[in-house]
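Copied over from TrEMBL, here are the features:
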TRANSMEM  22-46  transmembrane segment
TRANSMEM  95-114  transmembrane segment
TRANSMEM  126-147  transmembrane segment
TRANSMEM  153-179  transmembrane segment
TRANSMEM  208-225  transmembrane segment
TRANSMEM  237-259  transmembrane segment
TRANSMEM  321-346  transmembrane segment
TRANSMEM  358-381  transmembrane segment
TRANSMEM  439-461  transmembrane segment
TRANSMEM  467-491  transmembrane segment
TRANSMEM  503-526  transmembrane segment
TRANSMEM  532-560  transmembrane segment
């Protein structure tokens, strides 16, 4: 039946590993919460300050008349300065798009460098470099507000943030890699196929839960930052707000020193150069030899990276390509929206103040955080097998219960049972779990499309009907709350554990590519259409969401075909 093993040392080792993982999760949660709070807060203050300065230069008031907020039946045509205010909004949208584009372009190379540092010298160093870049960006915003410098200094700050660390996208990528390290599947030849499949499904569920929790932390940080900064900004002004944010930024700078290394096996690829022989050859030849060796090492690294990237794209085709396309579409739809949504809501007929915008962002983010955890938990529960391996559950012996318990606890197990039928059943459950994930992605894109349609036509209604329609669109958009962690968990599930770091780097590159198009593109659409049809940009994003629905349907069809093959083979 089963080989006798000494469970005492194994259980003590498992408990120590579990405690270490819990400590790492706690530190990562605190770090992510404070870092994203600071990023969202500085983003909110910088956007509002840019709009304020451009309105001031144009001779327009920063806030509209408070008496009309949510009380009068106000329409878009009631503003005598609507054309002039639309020009300022268009200029603000163009400026903020340049700020985001500068950060992304300057961060393309540095994000690759950060990924390289993460693989060679550890995750903590990579995250520290990202925080250094964010600190430089925050200092530029601080000086711009306190010294009343030109708003074009925002471009310089975003350039520093991108060049040193790659921005917050690199931070999110590195934290995702840390979660992947914590849920990596340790390959062991002593495991039977059914136990290996059992653990694979369990680790996929844990990974999705961690990624969903991290996404919830990000959204909660954004909710806290927007709701608090909106009120703080309106009551105490820009100087007090930015000084407060600088003080809070000291938190993640301190916590980073407490973060343990999640990847203890670090491979330093150092090219060894033999010492020069004692002869009369000039030193120049040695220097040339070293330069040639460095170029050769760089070429080998680039070729290895390209080969690994092609292997990722070639694995599980067309699922991989469709998944990356969905991720790009989602980033293109959602992420650049912050560049122009606050302008849309602060104009007529909405007439929102900075406090209203902050409370709206905080309210929607808070709801999104709760829905993210709920949907992630439901997805994880739906992915769990309804039954354990049949030959173990039908066997009432204590040995069978012990094997299942130890397999769930990720302990080393040596058993003499081989069951092809059980392995097929567990593989079937894994594929069904992925199918359920993609069904959720389809529903998320569908509701996202409806939400953007309502938001695009909201300006045509008088106040307060337009405001009510905005909140209806918020509730519809909540369904897409955990879409990104679901897609990332899907990517991680269909690729082997030894390329997870490169996989998430490739995910970061895809996000960069989408933002390179979306950050300048969508604000440009808004600036061109704000005087004609202010909601046109939201109708455009609704069309992109419709394309996402179609691609998700194709991906579901591919998974169903894979599921049928699994059933036939079993």
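Every residue gets a Cβ built from N, Cα and C, even glycine.
Using the rule of three or more Cβ pairs under 8 Å, pairs at least 6 apart in sequence, the transmembrane segment (153-179) is in contact with the transmembrane segment (22-46). Sequence-distant residue pairs (6 or more apart) of the transmembrane segment (237-259) and the transmembrane segment (126-147) include at least 3 whose Cβ atoms are under 8 Å, placing the two stretches in contact. Counting Cβ pairs under 8 Å that are 6 or more residues apart, the transmembrane segment (22-46) and the transmembrane segment (532-560) reach fewer than 3 and are not in contact. The transmembrane segment (358-381) shares the most Cβ pairs under 8 Å with 208-225, out of the stretches 95-114, 126-147, 208-225, 503-526, 532-560. The recorded stretches the transmembrane segment (439-461) and the transmembrane segment (467-491) share 3+ CB pairs below 8 A when only pairs 6 or more apart in sequence are counted, and are therefore in contact. Contact between the transmembrane segment (503-526) and the transmembrane segment (208-225) is absent: fewer than three CB pairs lie under 8 Å, with pairs separated by 6 or more positions in sequence.
Same-chain residues lying 6 or more positions outside the transmembrane segment (467-491) and placing a CB less than 8 Å from one of its CB atoms are 70, 176, 204, 207-208, 211-212, 214-215, 219, 320, 323-324, 326-327, 330, 334, 345, 350, 360, 363-364, 367-369, 371-373, 375-376, 379, 434, 437-438, 440-441, 443-445, 447-448, 450-452, 454-455, 457-458, 461, 503-504, 507.
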